[in-house]
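**Student:** Sharing a structure below in structure tokens format, with a few things to ask.
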Amino acid sequence: MRLPWELLVLQSFMLCLADDYTLHGPVFVQEPSHVMFPLDSEEKKVKLSCEVKGNPKPHIRWKINGTDVDIGMDFRYSVVDGSLLINNPNKTQDAGTYQCIATNSFGTIVSREAKLQFAYLENFKTRTRSTVSVRRGQGMVLLCGPPPHSGELSYAWIFNEYPSYQDNRRFVSQETGNLYIAKVEKSDVGNYTCVVTNTVTNHKVLGPPTPLILRNDGVMGEYEPKIEVQFPETVPAEKGTTVKLECFALGNPVPTILWRRADGKPIARKARRHKSNGILEIPNFQQEDAGSYECVAENSRGKNVAKGQLTFYAQPNWVQIINDIHVAMEESVFWECKANGRPKPTYRWLKNGDPLLTRDRIQIEQGTLNITIVNLSDAGMYQCVAENKHGVIFSSAELSVIAESPDFSRTLLKRVTLVKVGGEVVIECKPKASPRPVYTWRKGREILRENERITISEDGNLRIINVTKSDAGSYTCIATNHFGTASSTGNVIVKDPTKVMVPPSSMDVTVGESIVLPCQVTHDHSLDIVFTWTFNGHLIDFDKDGDHFERVGGQDSAGDLMIRNIQLKHAGKYVCMVQTSVDKLSVAADLIVRGPPGPPEAVTIDEITDTTAQLSWRPGPDNHSPITMYVIQARTPFSVGWQAVNTVPDLVDGKTFTATVVGLNPWVEYEFRTVAANVIGIGEPSRPSEKRRTEEALPEVTPANVSGGGGSKSELVITWETVPEELQNGRGFGYVVAFRPHGKMIWMLTVLASADASRYVFRNESVRPFSPFEVKVGVFNNKGEGPFSPTTLVYSAEEEPTKPPASIFARSLSATDIEVFWASPIGKNRGRIQGYEVKYWRHDDKEENAKKIRTVGNQTSTKITNLKGSALYHLSVKAYNSAGTGPSSATVNVTTRKPPPSQPPGNIIWNSSDSKIILNWDQVKALDNESEVKGYKVLYRWNRQSSTSVIETNKTSVELSLPFDEDYIIEIKPFSDGGDGSSSEQIRIPKISNSYARGSGASTSNACTLSAISTIMISLTARSSL
């Protein structure tokens, strides 16, 4: 067997082999849990799980009821990957409490305890039961008496071979299995059988039937409830579980069940009630659910109460566990574990599976363990055990004691340490060593002695203050403990300090200006130097804020800052920070920025009338330039943004903080703001004042564009533009309409009490058509009447024409166009004529779907287009005016011409010579339903122009003279009485050269260039049209 120190040396050696091969004590991955094993299980095998990791691999053994399980002596036992397997388990031999014990070279840990129990359910011993005889109306209890068993049971009853259902009369207790009938009725007579089920094995057994009969000696009278099923006086309940309380009473009439808490608190909302309130179920039981509960059974004869106390308990639960500790020799170890539980847990400690007691260097107090002056024998596996009467929990940790000589291999002294003259330097010395070593220092070959400048700390660090050039050199730290000595050497280089030669100075500038803040230094040129600037404590980002900030200077000893287009937000403290690898320093300057004033504050409406408002405010910041004036602005729901307003005084100087706004509109909601100005500019506006409405006043603005006319017979229609709301001057705004026949003296008046009214119709049979009236419209509101608008002349409604147009005639112009003619109505016509309305429809369409077109004035003909070819159309004409249309003329008929040819000219061939183009094409023949071809139209234009010229010919060829060089686009289409037919594809003819050229419409890729022309000569008989 190795000594403890040998194990420690071996452990230290193995730790160095590989980072991914860490040696450690056993750690439980999975601990055994309680097992309820069904005796009738087909598997015939029990597994108690235990999984452990550790390096070296731990050895696993098991205990039952505190005694080692001898795997070799009983073939039924085997351990597979740490778990215990029991073949053909026996409830007599194998039931008990098991623990898993894991051990490797670092120590031993024990698992939590796990109980192995066996679930079974035997058959009922008796086969028959005595008959139960009861009176009608009497309460009854049928006993179940379950047979021997292990494991939780559930109960049900069968009544005459059918399941007995539960209601407010019947109740089956899941605690006793008994069947309770609160009040027996005739329908309850029969055989009752108790059914018992083991919830673990699902095995079910039936008890012997119990016959129930009714007695013949009368009926049971009414009586108060008698509680037969009630919960115990004390019911312990575990945290987080579901608690069920049962309560049922016999009685006549059938009692009702009510639950309540004795302390008056409401039962938790999560609680549920089942079986006609016979069961109170509380899920996820917590401390606040504990207390005294009452079951109240009540009927018309009285009530009874059953009481019981629900007590709360909780198994221990870790709040703070212990963790592995690696400690050097002669140091101390302190562990603390904490657990919650009800009742409060007690603590004990184990080392390598054995109890640990207080002695000498080891102090144990509840959940704390303190070991002083640690040595190698203290290494091992430790466990804190917390327990109460409801459970036990374990927390494990490993204590490693490190013993090694000083080693600098991973913590060498810094090779070079830079320091400035007059500065301070600390050289760290942190070798790995256990126990802590003793430190000495050398400079070169001389041992360093501590003095007022040189000190050596307890942890070995060397500190030198007020450094001089003579302190440069090599320094060696020597560490020594019981196991050996080691050293490490580093060099100190002393540099000249950095000094600021031209610092930035505080400045006073105006918005928009640009400045440079200097920052120039002298420094040791063997060191790199870095300049940084902060503004009000924040680092300036020259990339993000490059619009305003830029580093300038160009020399490594200058870090000047340029600030361009300075704004108010740039006022504040600027700090230049200079840093080298040996020192850093900073210098600061304040920048004051003068600019337009800030917004005034607390704009208040002190008094308001119908047209004025008295304002006051407090001045805002003047931004280092005195305020010279204030401007008042106002806004209403009707204005476009903020508008400057007139004030008294006219100009509000910078020392005045009140003003009267004049020229306001009455009964309008206003809000005001103030803008300050100084010699630099106009500042930001203040926040708006509260909204206030001016007082009411008489209206002053009259309606605009008073006019009218039109309407129906015997009507005078008067219209006007409404007065805008902001000019109505008060509530109750409306209009007064005044009118009289032209030349009369007496006005007729009508009042319209609506601000939105814009039209009035006077209807009277005495009103003659198209009679002149003098009209004016006035205004009023709740304050009184305002002025009237100027008088204007309005005509009454006219009468629609009374005579139809005469001499209606229509003719066809083409397949799509017809022309209609008519004459003015004959005889005296009472209504004036403003124009005519032509109605037309195709013979195949209905007249109500007819289309209409109108003419204006005295025009007595019109052209109708976009018609269908070869179609019969019906037409009629009416005269119209503002009153409507007059009677219709007689209907006339006209048929459009056949459609023009649909076939375009084909086989177009052209050739050119001596500035002439000759075109030839095939004759177009019309179809039977098309108009005969009368000739052809040749359309041509310059390639770069949109205007087109047209040549008509009755032949199938044409000759063009084109004196200028230009590309041409040419099309050809036939025409007939029905109109123009389909056009050929466009032909592009390029510029004409002296050489002979030719081409065809089928292919324009051979086309030659044509010259632009100003005159076209046709060599054959044709007529030209534009």
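Cβ atoms are placed via backbone N, Cα and C, with glycine included.
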**Student:** For Cys295, what is the disulfide-bonded cysteine listed in Swiss-Prot, choosing from Cys247, Cys384?
**Tutor:** Cys247
**Student:** Scan 685-710, 841-866 against Swiss-Prot and say which stretch is down as region 'Disordered'.
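**Tutor:** Residues 685-710 are the ones Swiss-Prot records as region 'Disordered'.
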**Student:** Choose one of Cys384, Cys477: the cysteine that Swiss-Prot connects to Cys429 by a disulfide bond.
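**Tutor:** Answer per the record: Cys477.
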**Student:** Name the residue from Cys16, Cys100 that Swiss-Prot records as disulfide-bonded to Cys50.
**Tutor:** Cys100
**Student:** So which of Asn623, Asn764 shows up as N-linked glycosylation site in Swiss-Prot?
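**Tutor:** Checked Swiss-Prot: the N-linked glycosylation site annotation sits on Asn764.
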**Student:** Please work out whether the domain 'Ig-like C2-type 6' (497-586) lies in contact with the domain 'Fibronectin type-III 1' (599-697), by counting C-beta pairs under 8 angstroms that are 6 or more apart in sequence and asking whether there are at least 3.
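**Tutor:** These two stretches do touch.
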**Student:** Looking only at the domain 'Fibronectin type-III 1' (599-697), what is the mean pLDDT?
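**Tutor:** Mean pLDDT across the domain 'Fibronectin type-III 1' (599-697) comes out at 96.
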**Student:** What is the total of other Cβ atoms whose distance to the Cβ of Asn893 (N-linked glycosylation site) is within 10 Å?
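**Tutor:** By my count, 10.
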**Student:** Using DSSP, what's the helix, strand and coil tally for the domain 'Ig-like C2-type 1' (32-117)?
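**Tutor:** The domain 'Ig-like C2-type 1' (32-117) comes out at 4 helix, 47 strand, 35 coil.
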**Student:** Near Asn65 (N-linked glycosylation site), which residues of its own chain have a C-beta under 8 A away, given they sit six or more steps off in sequence?
**Tutor:** Gly96, Thr97
**Student:** Which of the three DSSP-derived classes (helix, strand, coil) applies to Asn370 (N-linked glycosylation site)?
**Tutor:** strand
**Student:** From the Cα of Asn893 (N-linked glycosylation site) across to the Cα of Asn764 (N-linked glycosylation site), what is the distance in angstrom?
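**Tutor:** That comes out at 43 Å between the alpha carbons.
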**Student:** On a simple 10 Å Cβ count over all chains shown, which one of the glycosylation sites Asn375, Asn466, Asn858 is most densely packed?
**Tutor:** Asn375
**Student:** At the level of the C-alpha atoms, what whole-angstrom distance separates Asn375 (N-linked glycosylation site) and Asn466 (N-linked glycosylation site)?
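**Tutor:** One finds 43 Å between the Cα atoms of these residues.
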**Student:** Measuring Cα to Cα, how many angstrom lie between Asn466 (N-linked glycosylation site) and Asn191 (N-linked glycosylation site)?
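**Tutor:** Cα-Cα, rounded: 108 Å.
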